[in-house]
Structures are given as C-alpha cells and as structure tokens.
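Engineer: What TrEMBL records for 41-287 is domain 'G-protein coupled receptors family 1 profile'. The transmembrane segment annotation in TrEMBL covers 25-47, 59-78, 98-118, 139-158, 205-225, 237-258, 270-289.
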Amino acid sequence: MAQGNFSRVTEFILLGLSDTRELQVVFFTLFLLAYAMVLLGNLLIIVTVRTDPKLSSPMYFLLCNLSFIDICCTSVTAPRMLVDLLSQRKAMVFEACIAQLFFLHFVGSSEMFLLTVMAYDRYTAICKPLHYTAIMSRWACWLLVSSCWAGGFLHSIVQTLLTIQLPFCGPNTIDNYFCDVPPVIRLACTDIYVTEWLMASNSGLISLGCFLLLVTSYGLILVTIRGRLTEGHWKALSTCTSHVMVVTLFFVPCIFTYLRPFSAFPFDKYVCVIYTILSPVMNPLIYTLRNNEVKESMWRLCKSCRV
C-alpha cells in the first residue's frame with residue numbers, strides 16, 4: 001500500500017489494442033466471433049465427451065477438463081475486452097484489476113499443468129501400453145487434475161500477494177487490454193527489481209519447465225515408435241502432433257512474456273492475444289478435426305438432437 005504523502009491508485013486505465021475507432025470495431029467483431037467459437041466449440045466437446053460412453057478413456061477425460069479451462073481462461077479477459085472496445089473510457093477499479101490478474105494466472109497456470117499431464121498420458125499410452133490402465137486409472141486422473149488446479153491456485157496466490165503489497169500512487173495507465181503482472185507492477189512507485197525477478201522466476205520457470213517436460217515426453221514417444229509405425233502408432237503420432245501444435249501456440253508466447261525482466265515492448269499486448277484468445281480458439285478445432293472418434297461422436301450427438 002502507498003505510504004506517507006502518496007495517494008493510493010483506485011483505478012487503472014486500459015489503453016487496449018488500438019485507439020483508432022475503425023480498428024476497435026474490427027477488433028470487436030473478430031474477438032466476439034473468436035469468443036463465441038471458444039464457448040460453443042469447447043462446450044460441444046464437453047457435452048460430447050460426457051454423453052458418449054465410448055469416450056471414457058483418460059485422454060478424453062483430460063480433454064474435457066482442458067475445454068473447461070479454456071472457457072474459463074478466455075472468459076477472464078474477453079468479455080471485459082469486448083465491452084472496452086465499445087467504450088470511450090476504459091477504466092477498471094483496483095480491486096477488479098487484481099481479481100482479473102488472480103483468475104488469469106489461476107486458470108492459465110492450471111492449463112499449463114494440465115497440458116503437461118496430457119503429454120504424460122500420451123507417453124504412458126504409447127510407451128507403456130501394458131501398464132496404461134493401471135497407471136492412468138480413474139482415481140489417478142482425478143488426482144492429476146486436482147493437482148493441476150491446486151498448483152494453479154498456489155502459483156496465482158503468490159503472484160497476487162507480490163502484487164498487492166506494492167504501493168501504487170500513479171501513473172495508472174496500462175498499455176494492454178487486461179490486467180496482468182508485468183504491466184501492473186511497472187506502475188508501482190517503488191523499486192520493483194526484487195519483486196520483478198521473483199515473479200519472472202515464478203511464472204517464467206513454470207512456463208519453461210512445463211514446456212521442456214512436454215518436449216521431452218514427445219521426444220521419447222518419437223524414439224519409441226521410430227521404425228515400427230503401425231496403423232495404431234500413426235494414429236498416436238497424429239494425436240501427439242495436434243498436442244504439439246497446441247502447446248507451442250500456448251507456451252512460446254507465455255515464455256516470451258514472463259521469462260524476462262518486465263520491460264515493455266510495443267507488441268507485448270499483441271503477443272498476449274495469442275495465448276488468451278487464439279490458443280483457446282484453436283483447441284476445439286485441432287482436437288475435433290484431427291480426431292475421428294470425437295467427430296463421429298459429435299455427429300451422433302447432432303443426429304440424436306434432431307430426432
């Protein structure tokens with residue numbers, strides 16, 4: 001909190017992606033369409049997996065949880081961004097800004113952990129098929145997913161506590177369309193060197209660590225199936241390819257954003273669009289268009305709804 005003669009900032013002004021009215025209208029249309037695709041696509045995956053007994057394997061259980069996290073992650077930023085694109089003054093009170101920061105890191109880091117678990121699931125299914133049922137039991141899946149949420153909560157609590165203990169006495173302008181750790185702590189009226197590196201070590205190392213684990217697991221899968229690509233292995237390889245597309249799209253911008261000192265670049269806010277909007281849009285497309293079982297289940301679900 002601010003001390004002495006400093007007055008505490010009560011709200012932040014978000015500059016958004018552009019101050020040009022025409023571009024704001026274009027962005028509003030594109031992001032409204034993207035948000036609708038995230039909601040409809042991921043809800044369709046959740047309903048399909050939950051209603052089709054054939055999709056009861058751990059992979060689809062984890063996919064269902066990923067769809068739920070994608071909806072949560074996008075809903076933290078997209079609705080407010082859409083409202084601000086139509087508003088003249090894009091102000092957010094201090095408490096709302098901190099809440100958005102907390103929930104963004106909560107669901108965002110939970111998704112990182114879940115993607116890592118999904119890679120472990122694929123590694124176990126391909127490299128240890130005889131032990132897969134025992135390793136990835138229903139109880140183990142619930143434990144892994146619960147651990148993802150618990151890890152995300154712990155990470156977010158640390159980030160939030162490090163942020164709210166800083167004094168904010170002005171300026172209060174954030175060059176972004178949502179409240180995140182890097183642009184917010186740059187506004188603190190104190191030396192943030194130690195806090196900056198603590199946060200970069202927290203978020204950045206989590207992003208990098210999960211990404212390296214993912215790359216390692218997929219590397220082991222490639223080594224395992226090298227030279228004996230049966231039809232089943234081709235199917236597994238196709239599934240892993242879609243996972244790689246998702247994690248690359250999600251992790252690389254996160255690593256760029258958080259694994260460095262929080263110096264500002266003009267294109268930072270556009271990089272944020274990739275992991276807050278584009279990645280959740282791509283997930284349902286990748287997992288449905290490249291998975292025949294999900295597509296067939298969706299087709300049966302649609303036909304049953306018509307009857």
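From the backbone N, Cα and C atoms, a Cβ is placed for every residue, glycine too.
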Engineer: Quick one: do the transmembrane segment (59-78) and the transmembrane segment (139-158) have at least 3 Cβ pairs under 8 Å, skipping pairs fewer than 6 apart in sequence?
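Structural biologist: Contact between the transmembrane segment (139-158) and the transmembrane segment (59-78): present, because at least 3 Cβ pairs are under 8 Å.
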Engineer: State the non-local partners of the transmembrane segment (237-258) in its own chain: residues 6+ outside its ends, Cβ under 8 Å from one of its Cβ atoms.
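Structural biologist: 59, 108, 111-112, 115, 118-119, 122, 126, 180-182, 199-200, 203-204, 207-208, 210-211, 214, 218, 221-222, 225, 229, 268, 271-272, 274-275, 278-279, 282-283, 286-287, 290-291.
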Engineer: If you average the pLDDT over the domain 'G-protein coupled receptors family 1 profile' (41-287), what number do you get?
Structural biologist: 86
